[in-house]
């Protein structure tokens with residue numbers, strides 16, 4: 001009996017011990033700020049880790065979507081304008097709208113907050129949720145994101161630029177400030193954590209760290225405004241240019257970038273591939289337009305072969321938007337919407353559309369004329385031609401400057417050169433002089449020295465620009481920038497058409513078809529041409545046949561002029577077309593690949609309709625950045641790609657269904673036009689904070705379950721997840737913008753803000769808390785300082801390489817793009833630096849590398 005009792009007692013005690021060992025609220029990886037919601041004590045650890053990983057990436061998508069809304073509100077706030085009165089020199093004034101927010105201030109304040117909000121809020125929430133004690137997840141994410149942004153995103157942007165193209169930083173002063181601060185910010189962390197007060201952050205150190213944020217904005221603003229640079233005598237800026245609003249030419253740097261962009265859709269120079277420069281239309285009644293694709297005319301009944309399809313109109317809208325400058329926020333919004341299958345603000349590019357954009361620009365030019373002299377009252381100054389070609393062996397190029405309108409008074413104008421693919425000091429001698437017109441003098445010439453060398457080179461260009469001289473009253477004509485092409489004249493050259501297809505209005509009286517001579521211009525040559533009917537008939541619709549086009553030595557551009565015949569008794573019901581073909585060459589010249597072109601005669605009404613559709617679609621995309629009502633928000637949330645099914649891809653559908661519930665939840669946030677966007681800004685910021693706290697919990701629990709330290713999880717999973725939108729945004733900006741400021745240039749500023757705001761703010765909060773308790777804020781230095789040191793070394797190498805790229809021809813003399821070998825080698829170096837950063841950081845966190853201060 002006693003044995004039975006003992007056995008029962010033993011069994012009872014064993015059951016009691018097992019029950020005491022099982023605690024549904026205290027088990028492995030069960031402690032976080034918000035999670036887990038229910039007890040997971042009986043769950044398999046592998047299943048838990050998988051579910052946390054899936055939830056982590058799902059929440060990354062949610063943060064991306066709410067960040068889209070947040071960025072839209074910032075775009076709304078920073079786009080606010082006010083009206084000012086501007087006085088004219090001749091008397092009177094006009095009212096102009098100017099932006100309230102300076103672009104540099106906006107980029108480094110609200111826009112930086114928008115792109116870095118998850119990292120910053122994660123750091124703040126971790127401090128507060130950890131009883132004001134320092135953690136590894138927030139700081140690790142900030143440093144890890146900085147490394148990924150500077151190294152991986154820069155590598156992607158460098159290699160994404162098509163061969164033969166480049167993108168340069170435009171505002172180098174601001175970039176220099178942010179590049180210095182992006183290194184100094186992390187050096188400051190080392191000074192604070194190792195040098196001044198090892199292992200702790202005192203309250204004054206925290207406040208100084210935070211104050212570096214507004215200081216960075218002020219210094220960048222001063223640099224942009226040239227407050228610290230003394231101008232030389234006679235220097236001018238764009239704001240002084242006389243009658244600037246009447247000057248249709250773009251700025252010199254824009255022209256340079258346009259030259260580079262004009263070859264975007266073709267092969268690099270030197271190959272038999274058409275360039276995409278504008279056609280010089282001398283007659284207002286001859287608006288020649290080219291369409292990008294070389295259409296194959298198979299039958300005479302194909303009436304609509306050259307009418308722009310809907311995709312072409314969308315692509316033209318895209319290119320028109322590309323020719324406007326956009327900040328990084330614009331591209332981040334589009335990247336986020338692409339990731340979530342939402343309504344994109346940049347239409348999908350499906351075809352080559354520079355020529356359709358030319359349609360809009362040239363049609364505007366053909367229908368718009370303004371007398372710059374105001375009836376002969378003002379002098380008008382311009383170059384005699386917008387383009388000049390010179391043989392390298394001639395050693396000088398002669399450029400004419402013409403004065404029209406009022407030629408009685410003396411007047412002066414400054415002439416200055418600027419690099420294109422040719423560089424001052426290597427290919428030509430820099431020129432910057434003031435030219436004086438005497439009374440009644442109409443023509444002036446400037447001679448610019450060309451540097452002749454013994455090496456064969458492809459044709460290169462530089463630019464000559466007219467700028468205003470203080471105290472002079474005159475107006476600029478149409479041609480204030482002259483493009484000079486330096487031709488290596490060792491070969492007679494190749495002859496080809498400039499455009500694969502051309503459109504001309506029915507009411508025009510002639511068509512000018514440009515023929516180019518490339519890869520040499522030595523000697524007199526000629527080429528025979530002939531026309532071939534397609535649907536247009538020779539003798540009825542046009543006066544064709546055959547002829548010979550002659551080039552004298554040094555000439556590089558000529559026109560085949562074909563009269564168009566008017567059919568006044570017949571109304572054109574369709575777009576008729578004919579073909580022009582180049583044939584036998586003389587003088588040693590050869591034909592290029594583009595030896596035939598299609599000319600289409602378009603009904604005037606259809607021509608105007610094409611322009612109207614392009615313009616209408618363009619403005620619809622420009623307005624697509626924000627929804628104007630709750631109805632629009634819910635409509636876009638419930639439909640893939642905002643309801644634009646035609647452009648939706650299979651991937652769009654997948655991401656749309658994955659994020660559907662988030663889209664519906666976020667559709668309840670007020671539209672951005674309410675109260676200037678501030679309600680949207682505050683509510684979306686609060687929701688980002690909540691989701692960031694959730695991501696912090698998911699990352700910590702996932703790392704705990706698979707045995708990863710928070711510092712490793714931070715620099716890998718979390719850093720990559722928060723940086724994905726920036727990756728797609730920067731790549732898109734690099735491809736679409738003329739400059740690298742919105743892609744690579746924005747990375748340095750964002751990395752600085754991450755430290756100054758992302759660590760400065762939580763440090764201020766925690767140091768005040770511990771100061772109130774009579775203690776100090778302790779910060780472990782091991783993993784964080786080691787990671788910061790690695791990042792600092794990598795950033796110095798990376799930024800130095802960017803500077804080298806800008807000044808070395810092998811890399812294209814630009815931060816992005818350039819020759820294939822140069823950009824690939826730089827991309828490999830950048831990515832290798834990031835891999836080494838992650839590897840050594842992980843080894844140190846695992847104590848394989850014993851790093852001690």
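Positions of Cβ are set from backbone N, Cα and C atoms, glycine also.
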Given ranges 733-752, 753-772, the stretch to which TrEMBL attaches the annotation transmembrane segment: 753-772
Range annotated as transmembrane segment - as stated in TrEMBL, picked from 23-48, 49-74: 49-74
Of 650-669, 670-689, 690-709, the range TrEMBL labels transmembrane segment: 650-669
Remote residues contacting the transmembrane segment (174-197) - C-beta distance under 8 A, at least 6 residues beyond either end: 104, 108, 143, 146, 150, 205, 209, 212, 216, 219-220, 223-224, 741, 745, 747-749, 751-752, 754-756, 759, 776, 779, 781, 784-785, 788-789, 791-792, 795-796, 799, 853
Seg_contact(the transmembrane segment (49-74), the transmembrane segment (784-804)) with at least 3 CB pairs under 8 angstroms, min sep 6: no
Chain residues in Cβ proximity to the transmembrane segment (203-223) (below 8 Å; excluding those fewer than six residues from its ends, i.e. six or more beyond): 102, 104-105, 108-109, 173-174, 176-178, 181, 185, 188, 192, 196-197, 749, 752-753, 755-757, 759-761, 763-764, 766-768, 771, 777
Most Cβ pairs under 8 Å with the transmembrane segment (141-162), selected from 650-669, 784-804, 824-843: 824-843
Tertiary contacts of the transmembrane segment (650-669) (same chain, 6+ residues out, Cβ under 8 Å): 58, 61-62, 65-66, 69, 338-342, 630, 633-634, 636-638, 640-641, 680, 683-684, 687
Outside the transmembrane segment (784-804), six or more residues from its ends: residues with CB under 8 Å to it: 136, 139-140, 143-144, 146-147, 150-151, 154, 179, 182-183, 186-187, 189-190, 193-194, 711, 715, 744, 748, 751, 811, 815, 826, 829-830, 833-834, 836-837, 840-841, 844, 849, 851, 853
